[in-house]
Amino acid sequence: MNPLIIKLGGVLLDSEEALERLFSALVDYRESHQRPLVIVHGGGCVVDELMKGLNLPVKKKNGLRVTPADQIDIITGALAGTANKTLLSWAKKHHIASVGLYLGDGDSVKVTQLDEELGHVGLAQPGSPKLINTLLEGGFLPVVSSIGVTEEGQLMNVNADQAATALAATLGADLILLSDVSGILDGKGQRIAEMTAAKAEQLISQGIITDGMIVKVNAALDAARTLGRPVDIASWRHAEQLPALFNGTPIGTRILA
């Protein structure tokens, strides 16, 4: 069975209750299914807390974090360090053998600079599946941060949704984007069960889909097109539904290619 990539985001990394729910669901799923799992994560809340503590400004452009040269080391420490190791510690607590990685390990995801105005922000492209497939064959849970590196050795902060998409293309994996919200909402706050590119363009033009959700929807649409299959956006809040989600039952918004 092809792997499943679970991309974690939102305040999940900042909530012990949420992490307990997630890893309990992962344990239940792994006990009843042989499907290999990979976690990809960002950690915007961890970065924001650190930046605030250091009195550094947080600037975003089109939903992407601007990352100046003097901040990339801090952001790398927050994402590839604190956020990654927090997830590894929760895996350890739940007796899941895990390995912490960043996008550059094994050239799993290739990264180039996205836009000079954004600074150290990377564009992710599929890379080599060899390392992660080896880990999956050994029964490990790879936990991959959204920090990448260019061919020139420059560290880059990559949008985690886009990083997960590139890794899914690398591995031929299915993709779930877990976030704080139950899916994409319409103008009345109701969950939209299925989303096409045309529907997304309409909601963006109407101002219903805004800011970071535009990035998330575009990443999911890109993933669906790249992978040739649907991608799910769903919430981590309903732990009892997560095993069904991991098994292919939509509980949020299903993005169609």
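Note that Cβ sites are derived from N, Cα and C of the backbone, with glycine treated the same way.
The substrate site recorded in Swiss-Prot comprises Gly43, Gly44, Arg65 together with one of Asn2, Asn133, Asn157, namely Asn157. A sphere of 10 angstroms centred on the C-beta of Ser182 (ATP binding site) encloses 18 other C-beta atoms. Taking the Cα atom of each, Gly43 (substrate binding site) and Ser182 (ATP binding site) are about 19 angstrom apart.
Secondary structure at Asn157 (substrate binding site), taken from DSSP and collapsed to helix, strand or coil, is strand.
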